[in-house]
Amino acid sequence: MAFGFFKSISLCATFRSPDREGAYSWWSYRTNAREKNIGWRLDYVIVSDRLKPRISEAAICADIMGSDHCPVEMTVDL
């Protein structure tokens, strides 16, 4: 994903953890990748830089099943 473009228009991803390994939101069914946690980060919550200070939590809910994707969430303090 071209995060440089998002930055250029004052947008950012709410969940950013470059040092954390295994933070994926999609796994292939074909290779049983979810059990091995071999996946990709395909799902994002993108917000404006102005809203960013109000984000108190952002997470990938990898324990929720039902699809080859898992939910991503954020909490905004209003």
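For all residues, glycine too, the Cβ spot is worked out from N, Cα and C.
A TrEMBL annotation is a machine prediction, not a hand-curated record.
According to DSSP, His69 (Mg(2+) binding site) is assigned to a strand segment. Annotation comment: TrEMBL describes Asp68, His69 as Mg(2+) binding site.
Here TrEMBL flags 17-69 as domain 'Endonuclease/exonuclease/phosphatase'.
Sequence annotations record features per position, and here TrEMBL assigns site 'Important for catalytic activity' to Asp43. The number of other Cβ atoms within 10 Å of the Cβ belonging to Asp43 (site 'Important for catalytic activity'), over all protein chains shown, comes to 14.
Within the same chain, residues at least six positions away from His69 (Mg(2+) binding site) with a Cβ under 8 Å of its Cβ are Ser25, Trp26, Leu42, Asp43. Summarising the annotation, TrEMBL assigns site 'Interaction with DNA substrate' to His69.
Under a cutoff of 8 A between CB atoms, and with a sequence separation of 6+ in the same chain, the neighbours of Asp68 (Mg(2+) binding site) are Trp26, Trp27, Ser28, Tyr29, Arg34.
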